[in-house]
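Here Swiss-Prot flags Arg74, Tyr215, Gly216, Gly217, Ser266, Asn381, Gly382, Arg383 as substrate binding site, drawing on sequence analysis. Annotated Mn(2+) binding site per Swiss-Prot: Lys224, His244, Asp291, in sequence order, evidence recorded as sequence analysis. The GTP binding site annotation in Swiss-Prot covers Ala267, Cys268, Gly269, Lys270, Thr271, Asn272, Arg383, Arg414, Tyr510, Gly511, Glu512, Asn513. Swiss-Prot lists Cys268 with the feature active site.
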Amino acid sequence: MTSTNMTKNKKLLDWVKEMAEMCQPDEIYWCDGSEEENERLIKLMVDSGLATPLNPEKRPGCYLFRSDPSDVARVEDRTFIASKTKEDAGPTNNWIDPVELKATMKELYKGCMKGRTMYVIPFSMGPIGSPISKIGVELTDSPYVVVNMRIMTRIGKAVLDQLGEDGDFVPCLHSVGAPLKEGEKDKGWPCAPIEKKYISHFPEERTIWSYGSGYGGNALLGKKCFALRIASVMARDEGWLAEHMLILRITDPEGNKTYVTGAFPSACGKTNLAMLIPTIPGWKVETIGDDIAWMRFGKDGRLYAINPEAGFFGVAPGTSMDSNPNAMHTIKKNTIFTNVALTDDGDVWWEGIGTEPPAHLIDWQGKDWTPDSGTLAAHPNGRFTAPASQCPVIAPEWEDPEGVPISAILIGGRRPNTIPLVHESFDWNHGVFMGSIMGSEITAAAISNKIGQVRRDPFAMLPFIGYNVNDYLQHWLNMGTKTDPSKLPKIFYVNWFRKDSNGKWLWPGYGENSRVLKWIVERVNGKGKAVKTPIGYMPTVDAIDTTGLDVSKEDMEELLSVNKEQWLQEVESIKEHYKSYGEKLPKELWAQLEALEQRLKEYNG
């Protein structure tokens, strides 16, 4: 489509013109989001060898992509928060002066789209027209980005109609950083070398510039860049929350519904929890979102959440009919797979899919693979991009423009000791304290000499806060003052990953986590037995329904205990963590820590 048919928004038209003059694409194409457009772009990529169609009998409407081996994940050390002052970026973000960064990037962007098309993608984060939604426009030279954005967000003409002539949008500029000379064709996946990759955010201007990567969160700018980094700044300024959280709906046997959000660092089973199949009779979990929640107070003083996305961008390896059957059903059709293995009959395969490796595969790098190869057939960060509407347990109100009222916020991480299976905060501020100290023990999976140490990840937002982490934690504290305390969600810290002294899991996890959710639902409804401990309210040993579960009473006691010695060590570790955030850390959090230490010292278990 041409621009004049699509929009009369002067700010948008001027910006597209200015960016095109800098990037010099061969042509500009405005995306309308139609099926016909999608098929045309897919065909373009199949013809160029970038996309492999999968077997239509096994995976209808599905395609496999292989990226360059240097372009396989988010690049945190090339991700910048270019606020006007370094102080605003804070101690946990990479900062470059915005004037300097723009000058550097303008040099890179000059002529970077030669030989390519500039695609204009108008997109809505959240249902089009929702009072909680926001509009962005991404300019990209990657058709791969267009077909993924079409799944992950709502794109096209309807978004421009909503934007109108003077609506506001977040400008997102993206280039793979690989201009083509006349007559030159791509040899595989286009991207720039690591030192030329920049994923840059200008928070005051609400602008995103990304260069040099075609992959995932670096290139699909609606996801982490907008929905978390820029949106977190908007949320701070406008009095709401943009969070790295799943959203689910739990229905009890009587038909009562409770809505819950949950923040977990990577590799803690967020998507699995969002699509949980409960093992306790009569209970049902349905998905509203698996990754991001935008939350605002409603007229009734309760916190309402929407999922700003329209799809799932999930890690494929480890996803199986055992770990997440609902995800497996979601990705049966109309799904884009990236960096997983291809079977000889045109299906996908990855480690942890639950079936034996076939005798022969084409691996994620396009090479022949056999079980004797000694390498992984799929990249550990191999992905699927699938429409949320295909999830068999998508909740009926997942696109409700008003959002859903949140009764409980879960936080968690992977901790083999110290943190119990579940405990509830005393109040909102104590819950924010728990969120500020959460994290996972560093495992051998991360290349690090810190194995056994805890990587603290406040509210699982460490890589995604668009401003100073201390101001972010203060913003959470401030949110608690904006409504009647009785209307605030209750905050629960869960840990599915406890081990005994022999390194054996104490809790079976997966669907059995519904037993913990049941207690949480009982607690928010004024029921559910609990005992007050130094760290918060803990279920009594008989409060968790263990009917039909092979977990001994001793193990349950271990899972629901406060180990004074381990917790006093934890306090020392938190002190070091807090010191690393510097002088600006909210005084309330230091006060919470001191109070915890005092309660522990007086505790006799």
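Including glycine, each Cβ sits where the backbone N, Cα and C put it.
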Original post:
What are the other residues, in sequence order, whose C-beta lies within 8 angstroms of the center of the C-beta atoms of Arg74, Tyr215, Gly216, Gly217, Ser266, Asn381, Gly382, Arg383 at the substrate site?
Top reply: Val72, Ala73, Phe313, Val315
Original post:
Once near-sequence residues are set aside, which residues in the chain of Arg383 (substrate binding site), 6 or more away, have Cβ atoms under 8 Å from its Cβ?
Top reply: Gly216, Phe313, Gly314, Val315, Ala316, Phe337, Thr338, Asn339, Val340
**OP:** Determine which residues of the same chain, besides Lys224, His244, Asp291, have their CB within 8 A of the center of the CB atoms at the recorded Mn(2+) site, and list them by sequence.
**Re:** Lys223, Ala227, Leu228, Ile292, Phe464
Original post:
Under a three-state reduction of DSSP output, how is Asn381 (substrate binding site) classified: helix, strand, or coil?
Top reply: coil
Subject >> Neighbours of Gly217 (substrate binding site) among the recorded positions Lys224, Cys268, Gly269, Asp291, Tyr510 (Cα to Cα, within 10 Å) >> reply: Lys224
Original post:
Around Asn381 (substrate binding site), which residues of its chain at least 6 apart sit with Cβ under 8 Å of its Cβ?
Top reply: Val72, Ala73, Gly216, Val315, Asn339
Original post:
Ranked by the number of other Cβ atoms within 10 Å of their own Cβ, which of the binding-site residues Arg74, Lys224 ranks first?
Top reply: Lys224
Original post:
Hey, which of the binding-site residues Tyr215, Tyr510 is the loneliest by Cβ count within 10 Å?
Top reply: Tyr510
Subject >> Cβ packing number for Asp291 (Mn(2+) binding site), 10 Å threshold >> reply: 24
Original post:
Just how many other Cβ atoms lie inside 10 Å of the Cβ on Gly382 (substrate binding site)?
Top reply: 26
Original post:
How many other Cβ atoms are found within 10 Å of the Cβ atom of Glu512 (GTP binding site), counting all protein chains shown?
Top reply: 19
Subject >> Number of other Cβ atoms within 10 Å of the Cβ of Thr271 (GTP binding site) across all protein chains >> reply: 23
